[in-house]
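Per TrEMBL, the features are:
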- 219-231: compositional bias 'Pro residues' (COMPBIAS)
- 216-240: region 'Disordered' (REGION)
- 12-33: transmembrane segment (TRANSMEM)
- 54-78: transmembrane segment (TRANSMEM)
- 90-112: transmembrane segment (TRANSMEM)
- 133-151: transmembrane segment (TRANSMEM)
- 171-190: transmembrane segment (TRANSMEM)
Amino acid sequence: MGYEQCLRVYDASFLLLIISPLLINAFDYMLLGRMVTFFLGSDTKIGGIRGSKMGVIFVCFDIISFIVQLGGGVLSLSKTVKTANLGLHVYTGGVVFQQALIVCFLCLTIAFQKKLRYCGTDSSKRGARTLLHVLRFSLCLITYRIIFRIVEFSSSQGSTLNVYINHHEYFVYVFDAAPMFFALIIMNIWHPGKILQEDLKGSHSRVASDDRVALQQFPPQPYAPSYPPQPYTGARYEGA
C-alpha cells in the first residue's frame, strides 16, 4: 500500500475517531427522556421540557455539534497549514459547544433526581438511581475525552504539543479510545432496557398484588334479587 493510500485510510479513521463520542452522547440524551416518561409520566416537565421532547431537543443540538466537528475535522486534513489550523479551531468550537450541552444536561439529571424523590415507588427509585449513575458516568467519560481534544486542538498545527501528541500513539488509546470503550461497557452491564423492563414487571406484579388484597377484603357476594320471583299462572296474552 502506497503512501497516498495509507494517508486516505488514516484520514477516514481520524474522522470516525473524532466524531464517535457524539453517537454515545445522543444515546445518553435519549435515555434521560425515556426515564422521565417511564418513571414520572409523559406529561412531566424537567426544567420546563417534557420528557418526550427532551431527547429530540438535545439530539438536534448534538447533530449541529456533529456537523461543526465533522466540518472542522475535514478542514484539519488540509495540506495547507492555514486551512488545517482553521479546521482545528472550528472543531474545537464544536467540542466546546458539545461540552456546554453536557453541562446543561447534567443539570437536568439533578432536577430529575429531585423530582423523583416525591414520586414513584422504592423499586422504581432504585432503578432510576442506577440508570442515573450510569448516565452520569458516561457523560463524565465523554467530558474527559473532550478535555483532551480541547487541549490537543487548541494549539496550532505543527506546534510542540501537537507534534508530541501525534508522535505518541498511547495518547489516542488512553484519552480517546478507552473512555468511549468503558462508556459502552457500562451501558451493556447496566443496560437501560433491562432495568426499565424489570421495573415494569415489578409494577405489574404490584398491581396484581393490590387486586388480590382488594378481593380478599371485599369478596364477591352471591346474586340476590331485590324482589321475590312470581309464580307462573299459565295465562297467555291474547291480542284485541
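The backbone N, Cα and C atoms fix where each Cβ goes, and this holds for glycine too.
Residues 17, 20-21, 24, 27, 130-131, 134, 137-138, 141-142, 144-145, 148-149, 152, 165 of the same chain sit 6 or more residues outside the transmembrane segment (171-190) yet have a Cβ under 8 Å from a Cβ within it. Sequence-distant neighbours of the transmembrane segment (54-78) (same chain, 6+ residues past either end, Cβ-Cβ under 8 Å): 11, 14-15, 18-19, 22, 25-26, 29-34, 36, 46, 84, 86-95, 97-98, 101, 105, 108, 153, 157.
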